[in-house]
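Participant: I have a structure here, written as structure tokens, and I will follow up with some questions on it.
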Amino acid sequence: MPLPSERARNIAQVLIEALPYIQRFRGKTMVVKYGGNAMVEAALQQGFAQDLVLMKLVGINPVVVHGGGPQIGRLLQRLGKDSEFVQGMRVTDSETMDVVEMVLGGLVNKEIVNLINRQGGSAVGLSGKDGDLIRARKLMLRRDASELLAPEMIDLGHVGEVESIDVSVVNMLVQGDFIPVIAPIGVGEDGFSYNINADLVAGKVAEILGAEKLVLLTNAAGLLDADGALISELDVGRVAELIEQGTIHGGMLPKIRCAIEAVQSGVISAHILDGRVEHALLLDLFTDEGIGTLIRRR
Ligand SMILES: Nc1ncnc2c1ncn2[C@@H]1O[C@H](COP(=O)(O)OP(=O)(O)O)[C@@H](O)[C@H]1O
Ligand SMILES: CC(=O)N[C@@H](CCC(=O)OP(=O)(O)O)C(=O)O
């Protein structure tokens, strides 16, 4: 009988290395936040979808929450509308809210659903309005007290924060072997739509589902320090100082905040990963190679 080729032996080796991870994560929920900045090349997008399908097949329950900030920005630009960001949040007037809802709930959501389904998975797209999944309230940001003597609240228009999450529809889909794909649009008591930063939604969904992991895929190697070096495990005690120095700013602010809140509320670990690395999800889940930044409860 001919001996198996080196390639075949390598495949067997890789699968065996993944075995303890598959055993550990089987039956567990992983919330994956797919950032608009990570949705770059077609090959990477396809790899992302393949990773999710594989996760599902080995018994892990992935739940996707997606962003789409750059995609919203591009359509607004075509419509001749500028966007302003305050502490990583897009100031959202009612016209902008319509565009946000069309882009996130429509284009981006269905593109991700389609990507997963083309790889043999069964994904179903939802916005926070479906099944009353995400109840929102208006977000009022506090301007940094150090800038002013009296604290001032900043009104960002239709920007919301999560008031409550009803995961019934998500659980139903997971039990039916579907991969839920959630757009971060919430609905207020007033019936209005709210634009919620996708990191914040992912953190809350992970918390309520009692997820094992929250994975945030973005376009940076992870959290970088002031010299641009990767912080592979975040010491939560350093965060205030890093924000004060301006080392954590813009879109990284909500990411870090939601990751810390999630681990403090029962999620075992949160990971900020570089979505520009092919199969970043599989590398993180099934190998010992620590990529990105890990945040866990002390
Ligand atoms: N300390 C930091 N380390 C890494 N990225 C940072 C840091 N501070 C700010 N950022 C910015 O945060 C961005 C990621 O957030 P964001 O643009 O909202 O991405 P996403 O669409 O994935 O949510 C990075 O591209 C980077 O410009
Ligand atoms: C309030 C707020 O800023 N909402 C975001 C929602 C999309 C998002 O979070 O997209 P990324 O994950 O790709 O950044 C926005 O309007 O851009």
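Using N, Cα and C of the backbone, Cβ positions are placed for all residues, glycine too.
What TrEMBL says about a protein is an automatic prediction, not a curated fact.
Found this in TrEMBL, in case it helps:
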- 28-274: domain 'Aspartate/glutamate/uridylate kinase' (DOMAIN)
- K33: site 'Transition state stabilizer' (SITE)
- G68, G69, R90, N195: substrate binding site (BINDING)
- K255: site 'Transition state stabilizer' (SITE)
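Please situate the listed features within the shown structure.
Facilitator: Less than 8 angstroms from the CB of K33 (site 'Transition state stabilizer') sit V64, V65, H66, G67, A198, D199, A202, L214, V215, L216, L217, each of them six or more residues away in the same chain.
Every protein chain considered, the tally of other Cβ atoms within 10 Å of the Cβ of G68 (substrate binding site) stands at 26.
Counting only same-chain residues six or more apart in sequence, the Cβ atoms lying under 8 angstroms from the Cβ of K255 (site 'Transition state stabilizer') belong to D199, L216, T218, I272.
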Participant: Among K33, G68, G69, R90, N195, which recorded positions lie by ligand 1, judged by Cβ under 6 Å to any atom?
Facilitator: G69
Participant: Tell me, by DSSP, whether R90 (substrate binding site) is helix, strand or coil?
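Facilitator: For R90 (substrate binding site) - judged by DSSP and reduced to three states - the answer is strand.
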Participant: CB neighbours of R90 (substrate binding site) within 10 A?
Facilitator: 21
Participant: Given K33, N195, K255 as the recorded positions, which ones have a Cβ positioned under 6 Å from some atom of ligand 2?
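Facilitator: Checking each Cβ against ligand 2, the ones under 6 Å are N195.
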